[in-house]
Amino acid sequence: MSTPTTTRDAVIIGGNRIPFVRAHGAYAKASNQDMLTSALNGLIARFGLQGEQLGTVAGGAVMKHSKNFNLVRESVLGTPLDPKTPAYDVQMACATGMEAIGSLANKIKLGQIDSAVGGGVDSISDAPIVVTDELRGILMEANRAKTAGQRLKALAKIRPGHLVPQAPGVAEPRTGLSMGDHMAVTAHAWGITRQEQDELALASHKNLAAAYDAGFFDDLITPFQGVAKDNNLRPDSSMEKLAKLKPSFGRDLGEEATMTAANSTPLTDGAAAVLLGSEEWADAHDLPKLANFVDYEEGAVDFVDGAEGLLMAPAYAAARMLRRNNLTFEDFEFIEIHEAFASTVLAQIKAWEDEDFCRNKLGLDGAMGPIDRSKLNVNGSSLAAGHPFAATGGRIVGTLAKMLHGKPGKLGFISVCAAGGQGITAIIEGR
Amino acid sequence: MRDSYTEFANTGLGRKLTKSLGLPQPAKLRRYRPGAPLIEGPVVVVGDSEASDRIAEVMLGWDLDVRRHLESREEAAAVVAAFDTTSSPEQLSSEVLAVGRLLKQLKSSARVITVFRDPQETEDPAVRAARKGVEGLTRSLAHEMRAGGTANGIVLQNELDAAAPGFAGALRFLLSGRSAFVSGQFITVGSVNGALPEDWSKPLQGQVAVVTGAARGIGAAIAETLHRDGAEVIAVDIPPAGEQLAAVANEISGTALQLDITAEDAGERILTHAEQHYGRLDIVVHNAGITRDKLLANMDASRWDSVIAVNIESQLRMNRAFLASELFNRAEATVGPRIVSLASTSGIAGNRGQTNYAASKSGVIGMVSATSDQLQARHGSINAVAPGFIETEMTAKIPLVTREVARRLNSLNQGGLPEDVAETIAFLASQAAGGTSGLTLRVCGQNLVGA
């Protein structure tokens, strides 16, 4: 057996998402399935896919009910797609959407499927509430009981303290630290200033607002439940307003704490989807070909003992991916780095621009940088739009593909960090 | 929007009560359903001109029960009266009185259709008087029709005879349930352009149509009706209406295009979408419109300007883009591109509080007549439809008493449905209406306002 030496292009045809909204707000009553179904319906309407049997649909949610074991398949069944379209769930924390899209692109490249939709959804407002391990143990025991007496005996063990529900947290299971507090350590280590972070946050809001004003999102977003725009967007924000906020993370750093609610992404509800296909499939269906999904790379770091930053895995993934593709940052027209926190973006950039880091950690001959900031997140990113975990990959791929459309051969770079010390980077190419 | 009065008036008790109290008696109108017969019952042709023979032939071709006379116990479904050779008012008498005798033998939702020549095409005072006379008697007869019946006219221009495809198209539309809420109106057929469909249940087969304002109400009904008639539909609405727009597009297997039609490049963006997804564009329906009512004394610039920008300036700008494009000009023999625009009876009669809206809708009527030559040169057409009181989300917001009065103020004693407007638009968008251009056709049940 020999491995295939030629593959075909995986074409990004277009994207659709619902507006992202701050948690416990406009979508408080919507489920993950409602939101993903709506994002798919908008995509289907935009591209006339009613009744179409797609190769496969993949996506997922980070905050997921156990009843949603088949979330994507159930969502597909609620759309006008041919019910013979297979679907499966993916989960890789905040990189879920990127992993779904990247692996679907690979299937298309290999000729296994001709068309696909990848994306993700997340709802903090509809998060599963978990009972304590003690109560769960008692309930399972009662469930196993064969007689009423045994059942009563088991249930009699319940104490008031068992009844406190456990809300899902964003704390890392192995360190107990929240993601923000992890990031605060990394930001401090890289010497990232409050000023830099606030500037990045402000640029994100200004860029997203300008993109809306220009009608850029007219064919990327379909409203949901009366919301037409990302409601975290603050077009009238200013450095003065941002400077007034007190730090939210890394408070043990005292005066040196820099991360505020404004330069950190809020918890958000939303969903996004991207349509992919082979060139032939796109042509046969009279669909546009915005860009090619060229390559992607997963990365992970050992953050548990504190030697590496929790959200620094993309730094490593990028080094391997660019080497494999014989590219440098100068070769990219646009750079999209997911703004989990402003400091996440700045720490990654500093790492790539740092001679020591690139030599000692990445094993390169010198720094990968510099990174041209004018190419960075030019239509806004997560600080302004919000970040419904699994939906962010779909948002970025859809946005970047549109930006590269009509620029054949021009490249776009994507970096998305994820919990558990993981991350994904990707390359797409305009056409 | 539910019309409880009409529902009640059509019950046994309701019929008795409304009759004895002298209240309006709105009938349940015969509306078009795919697969249902064009019209059920005898159709009587009145007149002895050559055209009357042609009319009979056309209808025989549709397998209708065409008669010259009706037995005393029979009921007719329609009467078609040819006045095309009438050259003086005194000559109207025999045909008019023959029609009159048939009026007591009509089924419900019956049709009376008069056929005559354009009064403006003759300088002879007696001839023009006779032709204008047909207009007047047709309008008055429309007021006299009962049980959902309507009376309309077909006006022939340019020496055309009843063999023109546009004549057959107009005749069929007026006989059918598609014209349920059209009464007291005239369809002018002025050219031999157009073609009759192979399948009358799919008159728009293979055509690509764009409908603006398609997310709800009349626009959604238009999109659905064009799709039912065989067209592939591009549904356009502003981005904030995207969720409903996607639902409409998915329902009719169309495509959704979120677009503010007041954007400078709106026409180009529609053309790009049509080119990408369909490779053609045959029909444009300018439906999107807004109201910002205010007495002129209290009118501010934003209310005035936004109504003008959305309701008429956008249409003028988009039409320039469409007419300049190759995509919209794929003339095939006698069939070219069609544009249908939404006017309003407010644009004809005026309406208190609607100077801005009426200006924009009168503007549409002007635009349509002035653009007609350009479309006709391409074997196409441009027409407008002026709806009267239509039961929509918008009219549901009118206060109860005002609404109840408004919806009864027409010869059919009821409001129309969005589908009534959509049916007329679908007709004007079809190749069978190719002989008609520059017209504003009212779908108002012969509203007393602005008649």
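Including glycine, each Cβ sits where the backbone N, Cα and C put it.
TrEMBL lists A:11-280 with the feature domain 'Thiolase N-terminal'.
The Cβ neighbour count for A:Cys94 (active site, acyl-thioester intermediate), using a 10 Å radius and every protein chain shown, is 30. Among the features that TrEMBL reports, active site, acyl-thioester intermediate is placed at A:Cys94.
Summarising the annotation, TrEMBL assigns domain 'Thiolase C-terminal' to A:289-429.
The annotation active site, proton acceptor is assigned in TrEMBL to A:His387 (among others). When Cβ atoms from all protein chains are considered, those within 10 Å of A:His387 (active site, proton acceptor) total 26, not counting its own.
All protein chains shown were included, and the count of other CB atoms within 10 Å of the CB of A:Cys417 (active site, proton acceptor) stands at 33. Among the features that TrEMBL reports, active site, proton acceptor is placed at A:Cys417 (among others).
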In Å, rounded, how far does the Cα of A:Cys94 (active site, acyl-thioester intermediate) sit from the Cα of A:Cys417 (active site, proton acceptor)?
7
Which whole-number value in Å describes the distance between the Cα atoms of A:Cys417 (active site, proton acceptor) and A:His387 (active site, proton acceptor)?
12
Helix, strand or coil: which one is A:Cys94 (active site, acyl-thioester intermediate) in, per DSSP?
strand
